[in-house]
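A.B. asks: What follows is a structure written as structure tokens; I'll ask about it next.
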Amino acid sequence: MKLIEATLAKIKSRFLAYDSKINWIVFCFIFCFTIGAWLDINGLWCELPIMVAELPEGWRLPSILSASTQIAQIAPFTYLIGRRFAPKVFTYVNVIYVILSIGALSCFLLSFFWNKTAVIFSQKHSIGLIVLNFCLALLDGTSSVTFLPYIGTNFVKEYIIPNYIGESLAALIPSILALIQGLGQDPGCHNVTDPLTNKTSLEAIQIKPNFSVRLYFLFMFGLLCISTIAFTLLNFSPIAKRERKSAKISKRSRTVSEKSELEISPENAINSQTNLTSTDQQKPVASPVPVETNRREQVFLLTIIFWVSFLAYGTLPGLQSYSTLPYGNNIFNYAVNLSFVFLPFSIIFSIWSYEASVRQIAIEFCIVLAFTFYIIFLSISSPCPPFLGSWLGPFLTVFSWIITQMMYMRIRCLVAARLERFGTLTMVGQIFGGLIIFIVVNVRQH
């Protein structure tokens, strides 16, 4: 009981300390703004269980979208080059407005053109979906190098927390919405008797979600409009301007200037000298010791990050349909969306153990590799994976997808506590993974 009370008291004191440093209205502005980071791409992937059943690419669709997403990662590099040579044009504010406005427009267009096809090289392709996915990936990839730097540059470090809350909601909201949308009965065939001829024939069972794909993307469009409004308020509202670093530094400077102009009495001078002497005699306060990593450990952790990106963001997305659809569209739906639902929990678990050793990170990586290989095995054995007629097959599939996504995110967080920069390696890993799985699935037709 005492332990619980002490823990609650500690949480309360930390909350009060945090509360004294922020403005809660600005806090809400920031997490509403950062919801726009990857919201549209996450929302598109959450709709794949419906799209795969209706579009001509079928099971190959995730690998095609994954490849187009990885090719679009050229956008962050282009932005960084532009910021280097034309900094007045490629400002954070200008680029973020482009990201949010074109992202909202793309979601609006997706609601009407996601199922539009065109014949290319004698085959039907979902040209509307692929082109708009590429546009969204260009924008969202750039958000990774603009949203957080904008907040870090303009606001105190306490406002980084609502940034991560917003990014978590960008995955959580689309997945919950897709789960509410549902799929209805799994597609298949059933017997239908013609009342006139009394003949029985097979008729396909169509997916019947609770609301349409169009309505889903219009909801994403609305959220991105809210994100744009929140960003505008962050830039122009007086309450947000007062929370900027520049405003707080200016206020602090005025306070110091006013104090220096006050006439100091002899008594105050003696007290000041006494305080200065006592301060000099105090022992220095120990600052938090950063997690140290030697050269060998750095190389090892960078290698892990490369393979995490290669597998989690490059390879596995292209195998979603092959590993889940043999068990039914609803299993595909649960695997995709429950993985997103549990992602925020993996971030929370990482916060409590951010000082994990390199050995622990390696052990967790080996564990998640086992689940990854199981998903790859399911994809290879598709359309006849193990436990096809049992509840065990669907359960293991959904569980494996949830665990892999959670653990890969957790490993990234743990490595980030030791290494400050590995963004370029992340992009390289996911680009290679996405392109390789595209070749395997689409060119070799495996």
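The backbone N, Cα and C atoms fix where each Cβ goes, glycine too.
Found this in TrEMBL, in case it helps:
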TRANSMEM  21-39  transmembrane segment
TRANSMEM  59-82  transmembrane segment
TRANSMEM  89-114  transmembrane segment
TRANSMEM  126-152  transmembrane segment
TRANSMEM  164-184  transmembrane segment
TRANSMEM  215-236  transmembrane segment
TRANSMEM  299-319  transmembrane segment
TRANSMEM  331-354  transmembrane segment
TRANSMEM  361-380  transmembrane segment
TRANSMEM  392-410  transmembrane segment
TRANSMEM  422-441  transmembrane segment
A.B. asks: The transmembrane segment (59-82): which same-chain residues, six or more beyond its ends, come within Cβ distance under 8 Å?
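C.D. replies: Answer is 41, 44-45, 48, 51-52, 89-90, 95, 126, 129-130, 133-134, 137-139, 141-142, 144-146, 314, 317-322, 325, 427, 430-431, 433-435, 437-438, 440-442.
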A.B. asks: Test of understanding: applying the rule of at least three C-beta pairs under 8 Å (pairs 6 or more apart in sequence), is the transmembrane segment (164-184) touching the transmembrane segment (215-236)?
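C.D. replies: The answer is yes, given that the two segments have at least 3 Cβ pairs within the 8 Å cut-off.
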A.B. asks: Could you check if the transmembrane segment (392-410) is in contact with the transmembrane segment (164-184), meaning 3+ Cβ pairs under 8 Å among residue pairs at least 6 apart in sequence?
C.D. replies: no
A.B. asks: Any chance the transmembrane segment (422-441) and the transmembrane segment (89-114) are in contact, meaning at least three CB pairs closer than 8 A with a sequence separation of 6+?
C.D. replies: no
A.B. asks: What same-chain residues lie close to the transmembrane segment (299-319): Cβ under 8 Å, and 6 or more beyond its ends?
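C.D. replies: Residues packing against the transmembrane segment (299-319) from afar: 45, 62-63, 65-67, 70, 293, 358, 361-362, 365, 372, 375-376, 379, 404-405, 408-409, 411-412, 415, 418-419, 422, 425-438, 441.
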